[in-house]
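Read the structure below first, then the notes.
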Amino acid sequence: MNMITSSNLVFSLLFCLMVSMLLLPLPSNGADPDPLQDFCVADLNASTSVNGFPCKPVSKTTSDDFFFDGLSKEGNTSNPFGVNLTAGNVLAFPGLNTLGISMNRVDFAPGGINPPHSHPRASESGVVIEGKLLVGFVTTDNVFYSKVLSAGQMFVIPRGLVHFQLNVGEGKALTFTAFNSQLPGAVVVPLTLFASMPSIPDQVLTKALQVDKDVINTIRSKFGF
């Protein structure tokens, strides 16, 4: 496949991904409330906010408020998980405020993993752009669903369920994900359990995980604690 065809495929996949999110029945099922005006560019410097951000004055709104190039650059995957997430949420792209959508770019080193996590405020759909990923999630009935996906294939993760992506290909991998929330949030399981501040008491973790305190301390040390 030549470079032009590959580029067209990427943009076509991303367009389909965004259209699929926009066509969801948001009025009754959206994670965020419906907007009451054409747009409300977030004023991130405002001193007050109520479940979102106040609007930037229209008189100070410019074309740049509606465009974002933060997902165009490959992220640095030099970390223990071998993954880098570049967020395109309202904090990075204020023009998303009140619109109920956002996107992420996720880069994977060979063998990299986006560790088990959940998004408390949004469902997620994604498309693999490069490489091969094992994508899986676990339901509230402890049923595990998974599949290995390659470039051009999509996945969906229901809101709030624990899920992951693991690079099982020989090289790098890349996926773009979309959410029906301007700020979906993320609860990353290993960091939540072993890197919270203050720490979860040892007696809670040893009892819950049925392991000795030495095991807990060993895992915590992996995260700098």
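Yeah, the Cβs are placed from backbone N, Cα and C, and that goes for glycine too.
Predicted automatically and left uncurated, TrEMBL annotations should be read as such.
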Inquiry  = According to TrEMBL, the disulfide involving CYS40 connects it to which residue among CYS16, CYS55?
reply    = CYS55
Task = Starting from the Cβ centroid of ASN104, ASN114, HIS119, GLU124, the recorded oxalate site, name every other residue in that chain with its Cβ within 8 Å, sequence order please.
result = LEU85, VAL106, HIS117, GLY126, ILE157, HIS163, THR177, PHE179, PRO184, ALA186
Note = For the binding-site residues listed (HIS117, HIS119), most other Cβ atoms within 10 Å of the Cβ sits at HIS119
Task = Name, in the order they occur in the sequence, the residues of the same chain whose CB lies under 8 A from the CB of HIS163 (Mn(2+) binding site) and which sit 6 or more residues away.
result = PRO116, HIS117, SER118, GLU124, VAL135, GLY136, PHE137, VAL138, ILE157
Key: Mean of the pLDDT scores, which run from 0 to 100, over the domain 'Cupin type-1' (69-217)   = 97
Query = Once near-sequence residues are set aside, which residues in the chain of ASN114 (oxalate binding site), 6 or more away, have Cβ atoms under 8 Å from its Cβ?
reply = PHE81, VAL83, LEU85, VAL106, PHE108, PHE164, GLN165, LEU166
Remark   = Fewest neighbouring Cβ atoms within 10 Å among the disulfide-bonded residues CYS40, CYS55 goes to CYS55
